[in-house]
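Step one of this worksheet: look at the structure below.
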Amino acid sequence: MAAKKTTSKNTVNSANGFVFQILGPVVDVKFSEDNIPMIYDALVVDNNGVELVLEVEQHMGDEVVRTIAMGPTEGLAKGLPVINTNAPILAPVGDDVLGRMFNVTGHAIDEKPEFTGKRMPIHRDAPAYEELITNAEILETGIKVIDLMIPFAKGGKIGLFGGAGVGKTVLIQELINNIAKAHSGVSVFAGVGERTREGNDLYHEFIEAGVLDKTSLVFGQMNEPPGARMRVALTGLTIAEHFRDEKNMDVLLFIDNIFRFTQAGSEVSALLGRMPSAVGYQPTLSTEMGSLQERITSTNKGSITSVQAVYVPADDLTDPAPATTFTHLDAKIVLDRSIASLGIYPAVDPLSSSSRMLDPEIIGEEHYNVALGVQGTLQKYQDLQSIIAILGMDELSAEDKLIVQRARKIRNFLSQSFYVGEKFTGRPGQYVKVSDTVRSFKMILDGEMDDIPEILFLYKGTAEDVIQAYNETKVKNKK
């Protein structure tokens with residue numbers, strides 16, 4: 001991580017405290033009685049020419065405060081002068097953050113000039129009740145499988161479950177692209193405990209996909225102290241809040257990985273000497289998660305819709321970290337490697353995925369009935385798989401054969417060409433409106449497309465595209 005060099009004004013003369021004790025990433029600082037900083041205030045110390053930011057976590061008595069370092073403490077020595085900024089850590093905000101990459105303290109790490117614009121504190125209250133919008137509203141993504149089966153709530157939180165190589169990054173890029181184009185929205189990506197290599201790859205992939213200019217990236221990398229990993233999600237959220245509250249925009253906030261936020265909080269809690277709670281997690285787990293998640297919401301000014309990658313330790317859904325996260329999620333998207341192996345992207349498993357917005361009162365009766373019909377057909381097909389594997393298709397009843405044929409068409413039709421993948425696939429990207437998606441799947445369920453081979457449903461946007469491809473095939477065959 002690129003560290004910021006200290007300026008000449010950060011001298012002993014302007015200091016109002018000094019390093020009293022160093023315990024790894026925990027630094028105790030002693031102040032004069034009339035100048036003790038408040039909890040969450042940011043302190044600055046010159047560590048061999050590099051600015052190290054400390055965040056106040058506890059008052060220890062005798063004018064000593066206990067802080068957590070946001071950077072490496074190697075080389076720090078007792079007696080070094082410390083400056084109280086009299087403010088929390090400040091995140092960069094405004095239009096100038098788009099296309100840029102920052103660390104937890106808001107310093108640029110993309111080898112571009114340092115950010116000099118407006119900044120806001122990362123610690124803020126959640127919006128007041130009177131500012132919230134209570135009516136449920138759908139955020140159209142233009143991605144068929146999501147809009148049909150797992151509709152996003154504006155200001156909602158979506159959990160994204162997927163291993164390596166199943167298309168998680170591409171799905172994130174397409175969501176960023178579609179929100180930017182269809183809703184004139186912006187996106188913020190917070191890499192919490194990310195591998196440095198993954199963050200670097202993501203940055204360059206965003207450049208290649210042409211979505212970087214509508215995105216701001218914030219990283220607290222895996223090799224950084226727990227303080228940086230614990231606070232980087234708040235830095236990203238603060239950037240998103242400014243776009244929502246000051247620019248009245250719909251913002252997409254990606255947090256990868258929300259488990260690392262909890263993990264870093266657990267490390268900090270242990271370093272501060274707090275008694276651990278269940279499974280060794282911090283006793284403040286629910287409070288910390290709630291203070292982050294409650295700020296992600298829709299207000300009368302705009303919305304923040306969050307997509308959060310969720311790591312489940314040892315696949316144990318009862319583990320306190322994922323269990324606490326689940327209580328805040330409105331929807332979950334499960335990416336399945338077996339679907340990806342069929343060449344169907346996005347590799348979303350519609351049977352394992354779910355959304356609380358899949359409600360006839362919110363999305364309408366027709367959409368709800370079509371989604372249930374698709375779900376039921378795919379479930380029946382899954383139930384018949386073992387019979388097909390042993391006895392083959394010929395042993396099925398005529399009704400079951402029809403279900404299998406329609407299910408395979410639905411499965412293929414859930415595939416979609418992405419704008420961000422055009423240069424790799426050679427297929428033009430597709431943004432499909434919800435109304436077109438519902439109408440097209442209804443035609444499959446009603447048997448209007450029973451005569452069309454399942455292969456023609458792959459990577460088509462609407463039913464009209466499938467019919468056109470079918471007619472073109474018939475013309476070719478006649479020749």
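Placement of Cβ uses the backbone N, Cα and C atoms for every residue, glycine included.
In Swiss-Prot this protein carries:
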BINDING   GLY162, GLY163, ALA164, GLY165, VAL166, GLY167, LYS168, THR169  ATP binding site
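Feature map: annotations from Swiss-Prot on the structure.
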| residue | record | Cβ neighbours (10 Å) |
| --- | --- | --- |
| GLY162 | ATP binding site | 22 |
| GLY163 | ATP binding site | 10 |
| ALA164 | ATP binding site | 8 |
| GLY165 | ATP binding site | 11 |
| VAL166 | ATP binding site | 22 |
| GLY167 | ATP binding site | 21 |
| LYS168 | ATP binding site | 20 |
| THR169 | ATP binding site | 19 |
Study note, to complete from the structure: Taking the centre of the Cβ atoms of GLY162, GLY163, ALA164, GLY165, VAL166, GLY167, LYS168, THR169 as the ATP site, the remaining residues of that chain with Cβ inside 8 Å are LEU335, ALA340, ALA347
Check your understanding: For VAL166 (ATP binding site), which DSSP three-state class applies?
Key -> coil
